[in-house]
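Participant: Let me give you the structure first, and then I'll get to my questions.
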Amino acid sequence: MYKSLLDKAGLGSITSVRFLGDQQSVFVSKDLLKPIQDVNSLRLSLTDNQTVSKEFQALIVKHLDESHLLQGDKNLVGSEVRIYSLDPSTQWFSATVVHGNPSSKTLQVNCEEIPALKIVDPALIHVEVVHDNFVTCGNSTRIGAVKRKSSENNGSSVSKQAKSCSEVSPSMCPVQSVPTTVCKEILLGCTAATPSSNRQQNTPQAANSPPNIGAKLPQGCHKQSLPEEISSCLNTKSEVLRTKPDVCKAGLLSSKSSQVGAGDLKILSEPKGSCIQPKTNTDQESRLESTPQPVTGLTKECLVTKTSSKAELDNATAPELQKRLEHTASTPDGLSDKPEVEAGVTRLNSCSEKKVGPSDLGSQSQNLKETSVKVDHDSCCTRSSNKTQTPPARKSVLTDPDKLKKLQQSGEAFVQDDSCVNIVAQLPKCRECRLDSLRKDKDQQKDSPVFCRFFHFRRLQFNKHGVLRVEGFLTPNKYDSEAIGLWLPLTKNVVGTDLDTAKYILANIGDHFCQMVISEKEAMSTIEPHRQVAWKRAVKGVREMCDVCDTTIFNLHWVCPRCGFGVCVDCYRLKRKNCQQGAAYKTFSWIRCVKSQIHEPENLMPTQIIPGKALYDVGDIVHSVRAKWGIKANCPCSNRQFKLFSKPALKEDLKQASLSGEKPSLGTMVQQSSPVLEPAAVCGEAPSKPASNVKPICPANTSPLNWLADLTSGNVNKENKEKQLTMPILKNEIKCLPPLPPLNKSSTVLHTFNSTILTPVSNNNSGFLRNLLNSSTGKTENGLKNTPKILDDIFASLVQNKTSSDLSKRPQGLTIKPSILGFDTPHYWLCDNRLLCLQDPNNKSNWNVFRECWKQGQPVMVSGVHHKLNTELWKPESFRKEFGEQEVDLVNCRTNEIITGATVGDFWDGFEDVPNRLKNEKEKEPMVLKLKDWPPGEDFRDMMPSRFDDLMANIPLPEYTRRDGKLNLASRLPNYFVRPDLGPKMYNAYGLITPEDRKYGTTNLHLDVSDAANVMVYVGIPKGQCEQEEEVLRTIQDGDSDELTIKRFIEGKEKPGALWHIYAAKDTEKIREFLKKVSEEQGQENPADHDPIHDQSWYLDRSLRKRLYQEYGVQGWAIVQFLGDVVFIPAGAPHQVHNLYSCIKVAEDFVSPEHVKHCFWLTQEFRHLSQTHTNHEDKLQVKNVIYHAVKDAVAMLKAVNPVWANVNSSAHWR
């Protein structure tokens, strides 16, 4: 069949091309094309005729593909192609392009059907590129924009604002097809340089989308777009048919007119003809579209730098950086006149007449429409949810005629307050805006301006010809009160905490905070003195992420000034090291810049997010507050060798020193305090001294147990022995720091029982109670260690004066209520007295006992929650009734195969009815299935609000588990940031009952970066299986469960749901080595970017668990989770689950102060996983969480003076 192709001269002629195998031809005469010669008539006709629209789009794509194929373009690498075959039985066969050779214009392909076929010449044999749709980019799939992530605060649903309709006058400019060279440059700068990423959930990728149908135009002229589906306009939705402004006088080219970046302007430099610009209706000019926006504002004063302050500009931007960033667009004759500003456009009242400033973060800015700056109201798109009421959007400074005129006349620099696509086409576009400009699919929505990487970051300026150019970037000293207030410990911002909680949090994570500060200082010290550090202002609802490893960027990072590509400190350091050594950086590939230019480390710009020196000022306040409250500091800052390692001065402050010949370094920098902050204590300051009337009376050899026994007789004083305070250096954090010598200064302090029982973990010698709990009394008969970490035994020895031999005779599971010590918490012990089980989920004292075991890294169980829940909400019938028609993916637990095309109802039908389950194709046997990711993502709260409320109202230990819990550090993250997804998440699966199923796991061995509370809300005993109880009992016994657990099943008649095996986080490396050893024995490979634990590819059955203990000495906790049990799993603890019956479990994640160190380490581990790994992305933002938790804690503590006179002795928080 003949296919008609558009020529390059317009629609005046049609070229028929015959392909191999086609036998029919269809010709279209010129007369039939007359009705669509007029552009506006073409718009209307194509909008109504979707078939013609799709044909045009398909032809353009095919034309582009042919050009790339005939040239052997390397951009086709990874693309699926069809190759014509002369064999009549197989007319086409599929292959994958693995290499392109532009010199020989051939393609190297990989064909499974004909392995011998390696080289294809598209000029000799017909080759077609396979497209799933017109918005895919090779093999890459993109859920969202590469770097930025929207906040869930505005709701989960994202809707596009409806657009009003208006008419446009006829155009006299003919429509021309896109030149191949232009399209190639477009795809080269964005498609080939932008790999896929799954880090965003709201901005789909469209890299191979066809560009606009338009002519080559001289700079300053503008074409008129077709409707929305070809050039993002052939859309069935009722939208405004927009025209483009005549900007010849202003020298401004609207980015909507051209989909090419600044690097592509050379292609458009030759004029092909003149364009007559149509005028838009005045009604359209005055129509303003009201759209909601995220509430994030700058101060009322606008961030504009006047050119009269020449010294300030020179000081803010280094000459080398200025030379690289300035982009002066060449303009043709007649374009140098300054634009005339026409009144009649609504003015902004938020800025004064003398100062022009950007709009609020997240504002919906408008396009420049004409010389009179008419606004294209429909070009804006909001990412806000309809559920959130937000103030009207503030407009860009460029949309105000008066302010625009003043900016052009004065040449003042101002901050970019709109996305790149809404400014001008001459300026380099960031990566997000280049992708946004190429989207053509009607279902894809444009990003809000806040997702532009240069939004409120890049500074712009009009030159003397009235052409907009890049002036530089914001610097750290250009902050305002609102920007700095987000990072300072202000008491007015602290809610949901108290003094005791603040002290406990600071005692646990203060050292980690100091290590973050030292790591930032060390990274800052590597920056050359002559290089200017830029400041990237935090944007509400946007999470800055490394484009290489997907880790959340905390503060210092490196940014490409041309496209906004950003990398974290670790990736930059590794890349630079490999470049110096001549090695290839194989861990992760760096995406390319505009026009496929390589990102070299030396061309990137150091950038910080925290304004000014706030990070270092808060670090000083932390030391001051800890000394003020007697909170011991075991951080490296406590050593005097770091005393001079103070806050680095800003680069502006270093210029004077560099000019005088001095070489500044961190050891010689003068400490400078921010005027916003009070003077802080010097690092290494000793903690506050105890009262002078306190005298230590205990001998040096007093045992911990004897000291604790003295508590009941009133002897509460004890002298601390000299200790060597060491802090493990975090992996990949501060490698360059020298080793820390021990501190030789002794600290004589007093302890109360309350302060000691609640002591956080600092080191191995940190507390008498911890030493007692960690003591070992040998091995039992079966060879397993019996470590009596029993609070009951300790309390009983105090109250009842029992000896250790008497304690061993006490029956297991005996509940003791030592009310004299302040604990009245019903509980018992499982796993041979190694697992605490709390019996009353609503007891107010639970967290006191829980915390002592939790800080040891032990799991904890709470029983009886099902009595508090609304059971009707959690039955399978309710889920089937509400969601039975939803399509989901199922996983076969025996084979790990994914079953698609099923519904939620299919799963619930077999939940308690074995014969009604889905059957496999071969044996026709019922499968053991689990629901995969349902409800999907973060939809639990929105999809099941009543169940969410029921769970949150009854989940135990709310201080930790609720989103606003005072000991849940994730609650300290301000709403300004993207909140981490901490659940709840549902886990629904059938039971594995048969003996053969004991080698399978419902969830294989893995670990999580955060703590978790897993609630068993329903246990379903299926019908149709015999001898279920006997098989379940054997599985429990085979799983190494203790006698008390078995009694719960046999005598207590409780419903067992799942068998857990949990291991201590400290044993992770041993388990990893063991699994690698076993995999090598089985002939399996161990790739560098994969991990046997993170890959969830192993389930440890009885034989493997036995080998693990015998060869590595690793013993875990075997826990049977009954109906109503809540299992608390510490962060970083490897664990696996085997369902005994059909179970419905709900898990809520949280971040506890006790386990932040594991979050730190795991974040570094996840960086080295493959980019397709589910745990690869740093969703927790652990550094941001730590910073703001410490910030709030010191804000609370520095505002209150400790009243030591009200207590008998000073409680020393350690």
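Cβ from N, Cα, C; glycine included.
Copying in the features that Swiss-Prot gives for the protein in this structure:
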- HIS1006, ASP1008, HIS1135: Fe cation binding site (BINDING)
- 194-211: compositional bias 'Polar residues' (COMPBIAS)
- 361-370: compositional bias 'Polar residues' (COMPBIAS)
- 371-380: compositional bias 'Basic and acidic residues' (COMPBIAS)
- 381-391: compositional bias 'Polar residues' (COMPBIAS)
- 944-1167: domain 'JmjC' (DOMAIN)
- SER150: phosphoserine (MOD_RES)
- SER209: phosphoserine (MOD_RES)
- SER330: phosphoserine (MOD_RES)
- LYS779: N6-acetyllysine (MOD_RES)
- 194-215: region 'Disordered' (REGION)
- 271-293: region 'Disordered' (REGION)
- 310-398: region 'Disordered' (REGION)
- 769-773: motif 'LXXLL motif' (MOTIF)
- 546-571: zinc finger (ZN_FING)
Participant: If you count other CB atoms within 10 A of each CB, which of HIS1006, HIS1135 wins among these binding-site residues?
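Facilitator: Max Cβ neighbours within 10 Å, all protein chains included: HIS1135.
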Participant: Quick check on the zinc finger (546-571): DSSP residue counts for helix, strand, coil, in that order please.
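Facilitator: Within the zinc finger (546-571) the tally stands at 3 helix, 6 strand, 17 coil.
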Participant: With Cβ-Cβ distance below 8 Å and at least 6 positions apart along the chain, what are the contacts of ASP1008 (Fe cation binding site)? List them in sequence order.
Facilitator: ILE1129, ALA1131, GLY1132, ASP1149
Participant: Setting HIS1006, ASP1008, HIS1135 aside, what same-chain residues sit with their Cβ within 8 Å of the center of the Cβ atoms that define the Fe cation site, listed in sequence order?
Facilitator: THR1003, LEU1005, LEU1007, ALA1012, ILE1129, ALA1133, PRO1134, GLN1136
Participant: Under a three-state reading of DSSP, tell me whether ASP1008 (Fe cation binding site) is helix, strand or coil.
Facilitator: coil
